[in-house]
Every structure is written in structure tokens, then in C-alpha cells.
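Features as listed in TrEMBL:
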- 80, 83, 87, 345, 474, 478: Na(+) binding site (BINDING)
- 35-46: compositional bias 'Polar residues' (COMPBIAS)
- 705-730: compositional bias 'Polar residues' (COMPBIAS)
- 1-20: region 'Disordered' (REGION)
- 35-62: region 'Disordered' (REGION)
- 683-730: region 'Disordered' (REGION)
- 74-92: transmembrane segment (TRANSMEM)
- 104-125: transmembrane segment (TRANSMEM)
- 146-174: transmembrane segment (TRANSMEM)
- 232-251: transmembrane segment (TRANSMEM)
- 263-286: transmembrane segment (TRANSMEM)
- 306-327: transmembrane segment (TRANSMEM)
- 339-360: transmembrane segment (TRANSMEM)
- 462-488: transmembrane segment (TRANSMEM)
- 500-519: transmembrane segment (TRANSMEM)
- 531-552: transmembrane segment (TRANSMEM)
- 572-598: transmembrane segment (TRANSMEM)
- 618-643: transmembrane segment (TRANSMEM)
């Protein structure tokens with residue numbers, strides 16, 4: 001044994017031994033396995049076996065893992081990944097649907113109970129083990145190594161359709177460079193000598209028609225594929241080229257891109273907020289948004305949707321959070337990062353909600369005034385034909401300057417007097433509240449409601465360009481995180497050039513993404529959004545929580561955090577990880593399963609003849625495809641568990657970083673190693689401590705009982721000498 005190692009130093013010292021074998025080994029240089037038959041190699045430049053090795057001054061540099069250039073790049077990357085399109089179009093919709101300002105209460109409570117603790121957990125395990133999702137969960141508990149594979153598959157499914165949305169935004173972005181905007185008015189078609197408005201557009205609206213017909217050119221059912229939409233195919237190709245260029249160099253390129261893609265959306269949101277506050281009706285929209293309906297807080301559905309939104313807003317379970325944090329130094333304060341990114345995410349959601357409802361309030365006022373004009377013309381027609389008596393009209397009402405209040409008064413009188421025949425008149429109440437309640441979610445909000453509102457803005461092309469450029473950047477930030485969640489575990493497992501891997505992944509993804517740029521592609525986007533990411537991700541995060549808190553051990557994990565961060569995390573996290581978060585996640589899983597069973601499986605199809613959507617049930621093949629997405633995404637979980645339980649494959653520990661690999665070396669020269677362990681620690685090999693450093697004992701939340709390591713190190717039958725494998729608690 002080299003004379004300058006801690007082992008030989010301890011032979012001549014009376015000091016008590018506190019380091020584990022893994023601690024001692026982690027100070028050795030990486031071994032050159034090619035030059036040693038014992039796999040106990042040499043440091044670079046060594047000329048003979050057994051030459052003394054110098055301790056590494058920087059353990060983070062042992063495995064040659066890339067690192068962030070600075071902390072700001074890392075924070076921007078995490079913010080860019082977690083803050084996405086859902087903050088702009090799903091959070092405002094859920095607020096409006098679930099009680100306005102009252103919805104913020106359950107959301108904030110659940111952010112504290114499951115959001116921040118689980119986000120902190122993912123940041124910590126990625127930073128400590130310095131591997132992507134597959135390597136991390138192979139280390140924590142090899143039998144649940146399928147967690148990382150499921151994360152990778154869900155990332156793949158989500159990336160396929162998420163980039164299609166970026167493609168749509170790119171199409172609208174380029175269409176915005178014209179005045180008037182192409183979706184401002186319904187197109188005119190010639191019928192002989194007559195010029196008439198396209199019937200489909202007349203029955204819906206100009207923005208709706210542009211979205212469904214000129215953008216998607218959508219079919220009436222999912223069964224009718226309709227062939228490829230070449231405009232969307234080209235847009236999707238541009239989107240994948242952008243993602244590939246942004247991610248091709250790993251964090252070296254994506255970190256630079258994040259400076260713009262993460263910060264620019266905030267510039268646009270602030271510009272829209274300032275502009276929106278000066279629009280007529282903006283205050284009505286914001287007031288409607290934040291008027292609390294406290295009775296909604298008693299409905300379980302509100303809490304379920306708030307928990308789901310917290311869950312997806314932070315990007316939990318995708319693997320991107322773990323992948324990004326794995327490029328940090330081990331002493332980085334990931335606790336601060338978790339709180340900072342979570343708070344930024346929450347503030348962004350509030351900011352986006354203010355912007356959305358300021359603009360929608362303006363739109364609601366415009367549409368309400370349009371409704372008043374149209375119905376006033378109907379009343380004038382009835383007055384001229386004698387259907388209505390002029391005595392019904394209050395004397396102070398002037399039809400040339402009719403306000404919404406005047407119309408409401410006139411509408412009330414006519415409805416009271418003509419109660420029996422009022423329904424035949426076809427008059428609308430034109431209530432502002434009704435218009436505000438028409439707020440829609442998802443693509444409908446971005447590509448229909450918001451675009452319609454912008455047609456009424458002064459300099460509308462400028463605001464349209466800004467809006468869709470913002471969507472492109474929001475989507476690009478999330479896609480970089482998604483791609484990192486896919487490529488990092490693969491790069492950790494196989495020796496592949498990341499440039500080649502990135503290009504291959506993007507090419508394959510583009511080819512698979514052609515499914516979504518058929519004329520029926522929007523229906524498949526809905527299917528993947530509903531089935532591929534919901535339940536599988538919740539199950540993944542539950543297993544992440546359980547594997548750390550109950551299998552690896554919460555006290556043990558807290559001790560690792562104390563050693564890594566230099567301070568003891570609050571006992572709040574102990575109780576959250578061990579009891580509260582798993583309980584909430586199990587309830588969320590049960591609620592999601594019930595929702596999937598109770599809710600009819602279907603989609604909103606566009607009916608061209610009616611100019612509106614109609615809900616249709618999935619046909620048998622489509623329903624089979626939807627449930628297959630759920631099964632395929634979760635299949636690695638039981639599959640990996642079974643094959644590793646019966647020792648059919650390796651536990652994957654040989655793919656870990658150098659410092660961890662040294663703690664899980666093959667059973668060579670076994671007798672000498674066991675003798676050495678007994679000499680150092682006075683224990684049997686099966687009783688050696690965890691490879692996670694434990695220089696300071698963690699006393700648990702109560703601080704009264706010191707944690708012991710006597711049960712650690714139970715060997716597995718994988719062919720490795722598992723010096724303190726995390727599964728040793730089993």
C-alpha cells in the first residue's frame with residue numbers, strides 16, 4: 001500500500017478512526033484500469049504498479065465532469081427549465097377556474113409542503129452523486145434504478161410534443177411581421193360575382209379560423225390523419241434545429257443560451273403588464289382574477305389541481321433538475337437554490353397571471369361592446385318592424401351612443417314586458433362577467449384568445465412579435481432542460497460524444513414528431529399531454545421520495561446534506577420527506593387514477609361545418625395508444641426491479657463517478673481487503689459505513705439520539721464488493 005495514504009498514517013497514530021473506507025479511497029487519484037490487471041491502477045503518468053499517489057486537491061475534478069462556468073448560468077438554467085409555457089397559460093386558467101385569489105392559498109401551501117422539499121431533494125441527490133437520473137437512482141437503490149429510465153422516457157415523450165408547440169409559435173412569429181395581422185379579419189371568398197365571408201370563419205371568429213384552418217388545417221377526427229401539414233413540418237424542423245444548436249455542447253452552450261432565453265421573457269412580461277394596465281378594461285380583468293371565491297377552497301378538486309400544478313411547475317421527476325445540479329460542485333448551497341428557483345417560479349406565475357387577465361379584461365370589454373352594438377341593431381330592427389313598441393325604450397337612451405349600462409337597462413325592460421315571447425327575440429344579455437368567464441387554457445389561450453386581444457392593440461404586429469418570441473424563448477428554456485434530462489443519463493452510462501448524441505436524438509425526435517404535424521396532429525398533442533406525463537411522473541416522484549426517505553434513510557440523507565452543505569438542514573425537511581410529502585403524493589396518485597377512470601377519455605374535435613369544437617370519445621385504437629403511453633412510461637420501474645432482484649443484470653454502480661466507483665470495486669484480492677478493513681475500522685466488511693461522507697453525526701430532528709451506521713453495508717449479490725452501498729439498510 002502507498003506510504004502516504006491515510007491507512008498507513010493511521011497505523012502509527014493513536015487518533016480515533018472516523019473516516020469510512022470510501023472516504024479514504026476517495027482521496028486517491030483515478031485508476032488507470034488498462035495498465036493494471038487488478039483494476040487497482042495508477043495515476044496518470046505513473047510508471048510502476050504500487051507507486052505512491054498524491055491526494056486529489058479537488059474531488060469534483062476527479063471524474064472530469066463538466067461544470068457550470070458560474071452560479072448565475074446554473075440558476076438561469078434551472079429557472080429556464082422550470083418556468084415554461086405552463087406558467088403563462090395554465091396557471092392563469094387554474095386561478096380563474098378555481099376561485100381566483102382563493103386558489104393562491106392552496107397553491108402556496110402545497111408549494112411549501114411538496115414543491116420546495118422535493119425540489120430540494122432532487123437538487124441535493126444530483127449534486128451529491130454527480131450523475132444524471134439513471135446514475136443517481138442506481139446508486140441510491142439499484143433495484144429502483146428504473147426511476148431514472150422512466151424519467152428519461154417521460155422526458156422523451158414530453159419533448160416530442162412540447163417542441164411542436166414551439167414550432168407553432170415560430171409559425172405565428174413569422175406571420176406577425178405584417179399589418180394588419182393575418183388573423184385580424186375573416187378571409188373573403190368569391191362565389192360567382194359575390195364576395196362572401198368564409199362560412200367557417202363567420203360561424204367562429206377570425207383568430208379561431210386562422211388557428212384551426214390556416215395554421216393546423218385540422219381534420220374533423222383523430223381517425224382521419226389528413227397527411228402532413230408542410231407548414232407545420234417546416235416549423236417543427238426549425239424548432240429542432242434551434243434546440244440542437246442550443247444543447248449540442250452540453251452546459252457549455254446551453255448555459256450561454258440561458259442568459260437570453262431565461263431573461264428575455266421577463267422583459268416581455270413587464271412590457272405587456274405596463275401596456276396592459278393602460279388598456280380599457282384591464283382593471284376589470286385583474287379584479288375578476290383576484291376576487292376570491294372562498295367557498296372553492298373546500299372543494300377537493302381545487303387542491304388536486306393545485307398540487308398537480310406545483311408538481312409540474314418545478315419540473316419534478318423529469319430528470320432535468322437532477323441533470324443540471326449534477327454539474328455543480330459538491331459544496332454548492334443547493335438549499336438556497338431550491339428556495340430561490342421556487343420563489344422565482346411562483347412570482348413568474350403571478351406576473352403572467354396579471355398580464356393575461358389584464359389583456360383578457362381588455363378583450364372582454366371589446367367583445368362586450370361588440371355584443372351591445374349587435375343586439376342594439378336587432379332591437380332597432382324589431383322597432384322598425386313593429387315587433388317591439390317604442391314605449392319599451394327608456395326616453396334617455398340614444399342608440400347612436402349606447403353604453404353597456406343603457407343596454408342592460410333596456411334589455412331588462414324588454415325581458416320583463418315580453419316575458420312569454422322573449423326567447424324568440426334572440427337577444428343576449430351582454431354581461432361583462434360572462435365574457436370574463438370565457439377564459440380558456442392551453443393553446444386556446446395563446447393562439448386564440450391572446451391573439452384576438454392583440455389585434456385591437458395599437459401597433460399590434462409589434463406586440464404579436466414580442467409575444468410569440470417570448471413563447472419561443474420560454475419553450476426553448478424548458479426544452480434545453482428536457483434534452484439535458486435525456487442526454488446526461490445516456491452520457492453517464494455510455495461513452496458517446498455529446499455532440500453526436502445530441503444530433504442523433506434531435507433527428508430521431510424530429511422524425512417521431514411528424515406524428516404531431518399531420519393535419520390531425522393537434523389531437524395527438526392533447527393525447528400525449530394528458531397521458532404520457534401525468535400519472536407516470538407522479539409515480540416517479542413518489543418512488544424518488546420513498547427511495548431516499550425510507551430506503552436510503554432520512555437521517556442518513558440529512559447527515560450527507562450536513563456534510564455536503566456545511567450546515568444542518570431544518571428538521572422541517574425531515575418530516576416533509578419522511579411523512580408529509582409521501583402522503584400528499586399518494587393522495588395525488590389516487591386522485592389522478594380516479595380522474596382518469598371517471599373522466600371520459602376523449603378530445604375536443606373541430607367541426608368545420610359548425611365552426612366550433614365538439615367533444616368526441618377516442619376510438620378503440622386511439623384509446624389503446626393512450627393507455628400504452630402510460631404503461632410504457634412506467635414499465636421500466638417493475639422491469640428493472642425484477643431483473644435486479646434476481647441478479648439478471650448489473651446494479652449499474654460501475655457507471656458512477658470515480659469517487660463512488662472506488663467505493664464499489666470488484667471483488668479482487670478479497671482477503672487482503674477484508675483484513676485491511678478490519679484493521680482500519682475494527683469491523684467486518686459487511687459492517688462498513690456508507691460511502692456518503694459522515695464526518696459529523698446527525699442527531700435527527702430531535703437532536704437527542706445519534707445515528708449509527710451499524711446496519712449499513714449489507715452486501716448484494718451483484719458481483720461487487722459493495723462498501724457501504726445505500727441499499728444496505730434493507
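Using N, Cα and C of the backbone, Cβ positions are placed for all residues, glycine too.
Automatic prediction, not curation, is the source of TrEMBL annotations.
Positions of TrEMBL features highlighted on the structure.
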| residue | record | Cβ neighbours (10 Å) |
| --- | --- | --- |
| 80 | Na(+) binding site | 28 |
| 83 | Na(+) binding site | 26 |
| 87 | Na(+) binding site | 24 |
| 345 | Na(+) binding site | 23 |
| 474 | Na(+) binding site | 28 |
| 478 | Na(+) binding site | 28 |
Leading contact stretch, 232-251, 531-552, 618-643 vs the transmembrane segment (462-488) - CB distance under 8 Å: 232-251
Long-range environment of the transmembrane segment (531-552) - Cβ separation under 8 angstroms, sequence gap at least 6: 118, 121-122, 125, 137, 140-141, 144, 147, 150-151, 153-154, 157-158, 308, 311-312, 316-318, 577-578, 581-582, 585-586, 588-589, 592-593, 596, 626-627, 629-630, 633-634, 637, 726-727, 729-730
Among 74-92, 232-251, 306-327, stretch most in contact with the transmembrane segment (146-174) (C-beta, under 8 angstroms): 232-251
Cβ-centroid neighbours of Na(+) site 80, 83, 87, 345, 474, 478, 8 Å, sequence order: 79, 81, 82, 84, 85, 86, 262, 265, 348, 477
Long-range neighbours of the transmembrane segment (618-643), counting only residues six or more past its ends (CB under 8 A): 143-147, 149-150, 153-154, 157, 222-223, 527-528, 530-533, 535-536, 539-540, 543, 601-603, 649
Long-range Cβ neighbours of the transmembrane segment (263-286) (under 8 Å; 6 or more residues past either end): 76, 83, 348, 351-352, 354-355, 357-366, 432, 436, 457, 463, 466-467, 469-470, 473-474
Selection from 74-92, 306-327, 339-360, the stretch that has most Cβ pairs under 8 A to the transmembrane segment (104-125): 306-327
Residue numbers, six or more beyond the limits of the transmembrane segment (339-360), whose CB comes under 8 Å of its CB atoms: 75, 78-79, 82-83, 87-89, 91-92, 95-96, 104, 108, 111, 115-116, 119-120, 266, 269-270, 272-273, 276-277, 279, 282, 285-286, 288-289, 313-314, 436, 439, 445, 449-450, 453-454
